[in-house]
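Trainee: Quick paste from TrEMBL:
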- 1-10: compositional bias 'Polar residues' (COMPBIAS)
- 22-31: compositional bias 'Basic residues' (COMPBIAS)
- 32-43: compositional bias 'Basic and acidic residues' (COMPBIAS)
- 65-76: compositional bias 'Basic and acidic residues' (COMPBIAS)
- 122-132: compositional bias 'Basic and acidic residues' (COMPBIAS)
- 160-652: domain 'Major facilitator superfamily (MFS) profile' (DOMAIN)
- 1-87: region 'Disordered' (REGION)
- 99-136: region 'Disordered' (REGION)
- 160-183: transmembrane segment (TRANSMEM)
- 195-214: transmembrane segment (TRANSMEM)
- 226-243: transmembrane segment (TRANSMEM)
- 249-273: transmembrane segment (TRANSMEM)
- 285-307: transmembrane segment (TRANSMEM)
- 327-346: transmembrane segment (TRANSMEM)
- 442-460: transmembrane segment (TRANSMEM)
- 587-610: transmembrane segment (TRANSMEM)
- 617-636: transmembrane segment (TRANSMEM)
Amino acid sequence: MEDTYNNRTSLAKGAKDMVKEAKRHTAKKVNKVVDRATDEYSSHRNYSRFQDEEDEDEDFYRNPPRQDGEGYHDNEEGSSDATEGHDDEDEIYEGEYQGIPSAGDRKHKEGQVALGQPVSDAARDRKGLEEERQADEEELAQQYELIIQECGHGRFQWQLFLVLGLALMSDGVEVFVVGFVLPSAETDMCVPNSSSGWLGSIVYLGMMVGAFFWGGMSDKVGRRQCLLICMSTNGFFAFLSSFVQGYGLFLLCRVVAGFGIGGAVPIVFSFFAEVLSREKRGEHLSWLCMFWMIGEIYASAMAWAIIPHYGWSFSMGSAYQFHSWRVFVVVCALPCVCAVVALTFMPESPRFYLEVGKHDEAWMILKQIHDTNMRARGQPEKVFTVNRIKIPKQLDELVEMESESANRVSKFFFRIKTEIHGIYLNLMKCFNYPMRENMTRLAIVWFTLSFGYYGLSVWFPDVIKHLQADDYASKVQIHRNERIEDFTFNFTLENQIHKNGLFINDRFINMKLKSVTFIDSTFRNCQFDDVTSVGSFFRNCTFIDAFFFNTDIDESKLLDGTEVVNSTFTHNKTGCQMTFDDDYSAYWVYFINFLGTLAVLPGNIVSALLMDKIGRLSMLGGSMVLSGISCFFLWFGTSESMMILCCAFTTA
């Protein structure tokens with residue numbers, strides 16, 4: 001009797017469990033029909049098809065088909081024992097978000113392979129894993145687009161827009177700093193003409209290397225983390241470059257700052273694009289580019305307001321001089337500091353978290369985006385309906401090292417080597433089908449645009465100065481065959497040429513020589529005391545019994561066979577004696593450049609408004625044609641006004 005009773009009880013439990021399973025599968029099929037109907041007749045977007053596919057896969061692995069009846073009977077008994085004592089209300093369904101798993105659960109599941117699970121990744125070839133990951137990424141791209149549309153476009157995107165815009169503005173400022181300080185820095189640091197070109201190109205060399213390195217690292221470390229490192233590197237070395245005195249150290253600081261700039265620029269656009277829906281992407285990325293122009297306007301305005309003012313500088317003897325252009329470099333580093341502070345309050349890109357398999361972190365950030373936008377719209381009660389997001393297959397690119405031979409140093413260098421190799425492999429994918437053709441075309445277009453735009457940005461302040469220098473040289477005063485005896489020069493001589501002059505017992509005391517050239521002249525028993533010369537030279541002259549005290553007249557200014565007979569030099573000044581009061585064109589150069597940068601802003605606004613209306617290719621092609629025509633007319637520019645007009649149309 002007791003055995004019969006036990007058999008009846010087991011049969012009853014089994015029947016009860018079978019009824020529960022049937023009800024659950026029936027409800028699932030009904031939900032599928034309802035979801036499909038909702039997709040067809042409602043504008044509301046959901047993600048059931050992604051959940052259903054994963055649910056079916058999990059059902060297959062949890063309840064694999066059996067070949068004999070005994071196995072099926074065993075499964076029934078296991079199911080009955082496992083579900084006994086549970087109500088329908090207490091069940092946790094597969095599509096329900098179950099929170100962040102604890103560390104204990106993860107450790108418990110490691111190394112366990114249940115019956116019916118797929119083969120481990122170690123037993124599969126890498127090509128098959130990459131194909132599986134590519135399929136997962138395509139599915140993720142479709143689902144992620146729907147999720148971003150559900151999150152909406154609102155307060156969160158505008159907050160990130162301002163923060164990333166500030167970062168882009170600071171990068172733009174640092175790029176254009178070079179063009180503004182180039183004429184002044186060359187003179188201040190005694191840079192010869194043969195080496196002056198390095199200052200204009202060294203920043204772009206650092207940007208090229210930085211874009212290659214940090215672009216790949218952002219896929220490994222994260223958009224926000226890499227952007228913080230890039231901005232900190234840029235800000236620190238840009239600030240440091242304002243204090244170094246040597247030309248070599250200044251170049252080193254600028255190239256490292258360029259290394260940070262090159263990484264920040266592409267990351268900013270990738271970061272912002274990953275929180276924008278497809279229909280908003282083109283327009284808002286164009287608006288983001290506007291901050292680059294704002295950075296150029298900021299740099300132009302600061303150069304105009306600071307560099308020509310000599311009073312904003314100090315010196316410690318003649319060896320250490322902190323001129324106003326160095327103050328300008330410090331002021332231009334301030335937006336970078338503000339961008340770093342603002343970026344610390346923003347979350348990481350959710351798309352990056354999904355790419356690296358961090359589902360829970362991505363889900364929480366997407367929920368934050370949704371809730372922030374809904375509260376701003378006055379709909380705080382609206383619920384974020386996403387439960388599960390597709391995660392691409394994760395490929396382990398790091399080989400575990402032997403425990404007995406592993407140490408921190410070797411692991412560090414091994415990881416760096418592996419990450420660089422991974423960046424190289426990702427770069428090579430751009431040159432494989434189907435991206436090879438588009439990559440080549442876009443690279444050519446970007447090269448030509450960068451060559452023209454940045455080339456003009458560096459060249460324009462210098463060419464304006466040369467035009468003004470030609471006009472200045474046309475007004476030179478020429479003195480021939482003059483004889484001056486027992487006269488004291490205690491005033492400034494400017495823009496003069498003295499030929500075949502004779503100076504006897506003359507005194508040059510506390511004076512300046514600005515763009516003055518002495519040719520075939522003789523100085524007898526003359527005294528030079530506290531004399532500063534800028535752009536002044538002595539060509540084929542003769543000094544007899546002359547005395548030089550606290551002057552900057554040295555061999556570099558005694559040219560073309562100049563002879564010094566029985567003369568004394570004491571306490572000569574060191575360094576380049578350049579003051580921006582002597583720079584006759586500085587104020588006008590920076591004011592003109594400021595007006596030229598203002599002309600760029602309308603072109604950026606027009607492109608943002610018309611981007612999605614006339615198409616990206618039409619907008620890009622039309623802009624390049626107009627810029628090419630305007631650049632062609634620069635060849636005929638003979639005046640400052642014509643050069644400004646052509647350059648404004650070219651850069652706009």
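A Cβ is built for glycine as well, from the same backbone N, Cα and C atoms used for every other residue.
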Trainee: Take the transmembrane segment (226-243) and find every residue of the same chain, 6 or more past its ends, with a Cβ under 8 Å from one of its Cβ atoms.
Mentor: 167, 170-171, 174, 177, 210, 214, 217-218, 250, 253-254, 256-257, 259-261, 263-264, 267-268, 271, 322, 326-327, 329-330, 332-333, 336-337, 339-340, 343-344
Trainee: Would you call the transmembrane segment (442-460) and the transmembrane segment (249-273) in contact, using three or more Cβ pairs under 8 Å, pairs 6 or more apart in sequence?
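Mentor: These two stretches do not touch.
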Trainee: Where else in the chain does the transmembrane segment (195-214) make close Cβ contacts, counting only residues six or more beyond its ends and a cut-off under 8 Å?
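Mentor: 174-175, 178-179, 182, 185-186, 226, 229-230, 247, 250-251, 254-267, 423, 427, 454, 458.
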Trainee: Tell me, roughly as an integer, the mean pLDDT over the domain 'Major facilitator superfamily (MFS) profile' (160-652).
Mentor: 82
